[in-house]
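As structure tokens, the structure follows; a few thoughts come after it.
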């Protein structure tokens, strides 16, 4: 890094035996692996939580960039494990926590310092589906005798960094094709003109994001402002970033964990008839890492803490519960004060009751949490991932949760008074969006795997309304009819389905749009839209039985079910850029595309889905220039529509 940086001293201890360019001596690694445990022998809560160092770019001389270098590194994920080869920002996993003030414009040179010919840190395999009634084999460590994917092993260090949540121009956003190799830098400028929030940065390279992020290329980014300062929230050692991610590890011939990162997925179709290729489901691993360590513990005082949580997993949706020594949920101590785009208007209690039984965290979602440990001195509390078929804290292998542990909090008795009081109002500047704001409309359909022409994968379909249904054949491939709450049936035709299809959405800067994601499959997709903050307007249940996979369209209309209301959760009413879209359901979100121009992306944030095609571009330009656009797909109904 350059001398333009203020950085904390909280660095992670180095691994003995690391040579130049991040290479670990062979004899050191061999000796470590000889002493490695079997998969079931890892002890939970055996190592303290590591906290990434804080990097504060200098506030003056914006024309001089801050360099953050991508480097190979060796990380001990658990005290009982051999070192693990990873790639990290500034050689750390996660990368440094970048902290800026609102309006502090910074330029970052994301420089690739991973030497050519470096070993790729991730082993990738696809394994057969197990017998019915048995746990999915992807949550079991080891390759199970399956040969690694040689094409993944041959991947170069090719990366582009996306600052997730940032309002910045398209040239700075981390366009997936614009990845750089060794010695080159991605130069990005971030205005940071945004309310206080937690963003995060991660690799976004086309086709290979799922492996690059697993290799360690992620970190968090905090924007501060005066409104946040006035709240007097816990800070310093009492503000802790928690980047959680599930991982899997390979084993040696004796069944011992060798520390090697393993991307292990399950084949659900051996040979798709359209492509001849196998179809696998996204990655879910058995081990949870927090800040790059498996099942750590944190020593905390009996006071208030602020936890800045990010789900940095490829695909796992965590259902988090805070439990005590007897596996009972702990109510009354956790309060959510912010989400993806900043502070909520008021705190939301997370009591693990009927209102919020779990803290459901999909990949890329962020949660700003206040935790009150004042009455818990001398106690040990555990944050766990609750499986669908077991109580909190209990393994649920059939539900995909082989090990529920996430981390442990060990509360010290200090007998010191903590004068912090939970504010009644968090953000006086927050304004709730409503449907009567002039806006345009978009309809995006998320199709089930196995739909005609999809190669066995779910897809994003951009839809355009057909004003006269006589203009299209019904039923037909790519044609969907939808019956709304008013009983009217509208006909839509597909205009795009893959990333490289023609540009479909061109948006005038400064305009509002309502995007409706209609999920016709049972798979939950966390959808992410770059550039803009959105608010969830509503959810609607649908009867999707009229959609025919073999046809690739509807034989009878997909129908909104007015008799099945879907209430919004109290903690999803703030600014968000990732939205959980289960199916069959329609999700309506409203956002304003302002502050930047350029070409951006929206996509499913299950990284395997993103890499396999669930990603589409959109363009934002000045509305004055949009009048001369020849693309013809700019705004649905256009700014000014309120219906």
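Each residue, glycine too, has its Cβ placed from N, Cα and C.
Fair warning: this is a prediction, and the values are worked out from it, not measured in the lab.
Applying DSSP to the domain 'Plastocyanin-like 1' (87-224) sorts its residues as follows: 16 helix, 49 strand, 73 coil. Positions annotated as domain 'Plastocyanin-like 1' by Swiss-Prot, on the basis of sequence analysis: 87-224.
Annotated region 'Disordered' per Swiss-Prot: 129-149, in sequence order.
Residues annotated as Cu cation 1 binding site in Swiss-Prot, with experimental evidence given as evidence: 162, 528. The Cβ of residue 528 (Cu cation 1 binding site) lies under 8 Å from the Cβ of 164, 364, 577, 578, 579, 602, 603, 604, 605, each of these being in the same chain and 6 or more residues away along the sequence.
Per Swiss-Prot, the feature Cu cation 2 binding site maps to 164, 202, 605; the stated evidence is experimental evidence.
Around the Cβ of residue 530 (Cu cation 3 binding site), 27 further Cβ atoms fall within 10 Å across all displayed protein chains. Taken from Swiss-Prot, the feature Cu cation 3 binding site covers 204, 530, 603.
Per Swiss-Prot, Cu cation 4 binding site is recorded for 435, 439, 441, and the stated evidence type is experimental evidence. Summarising the environment of residue 439 (Cu cation 4 binding site), the number of other Cβ atoms within 10 Å of its Cβ, over all protein chains shown, is 25.
For 494-621, the entry in Swiss-Prot reads domain 'Plastocyanin-like 2', with the evidence type sequence analysis.
Under DSSP, residue 614 (Cu cation 5 binding site) is assigned to coil, being neither helix nor strand in the three-state scheme. Here residue 614 (Cu cation 5 binding site) comes close to 446, 457, 458, 459, 460, 525, 603, 604, 606: these same-chain residues lie at least six apart in sequence, with C-beta atoms under 8 angstroms from its C-beta. The annotation Cu cation 5 binding site is assigned in Swiss-Prot to 525, 604, 609, 614.
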Give the residue counts of the domain 'Plastocyanin-like 2' (494-621) per reduced DSSP state, in the order helix, strand, coil. 8 helix, 72 strand, 48 coil
When the Cα of residue 204 (Cu cation 3 binding site) is compared with the Cα of each of the binding-site residues 162, 439, 441, 609, which one is closest? 162
Rank aside, I only need the closest one: which of the binding-site residues 162, 435, 439, 441, 609 has its C-alpha nearest to that of residue 530 (Cu cation 3 binding site)? 162
May I ask for the residues of the chain that lie six or more residues beyond the region 'Disordered' (129-149) and have a Cβ under 8 Å from a Cβ within it? 39, 123, 248-251, 255, 257, 262, 264-268, 281, 283-287, 397-398, 400-402
Alpha-carbon spacing, residue 439 (Cu cation 4 binding site) to residue 162 (Cu cation 1 binding site), which is rounded to whole Å: 28
Select the closest residue to residue 202 (Cu cation 2 binding site) from the following binding-site residues, measuring between CA atoms: 162, 435, 441, 609. 162
Compare the Cα of residue 162 (Cu cation 1 binding site) against each of the binding-site residues 435, 441, 609 and report the nearest. 609
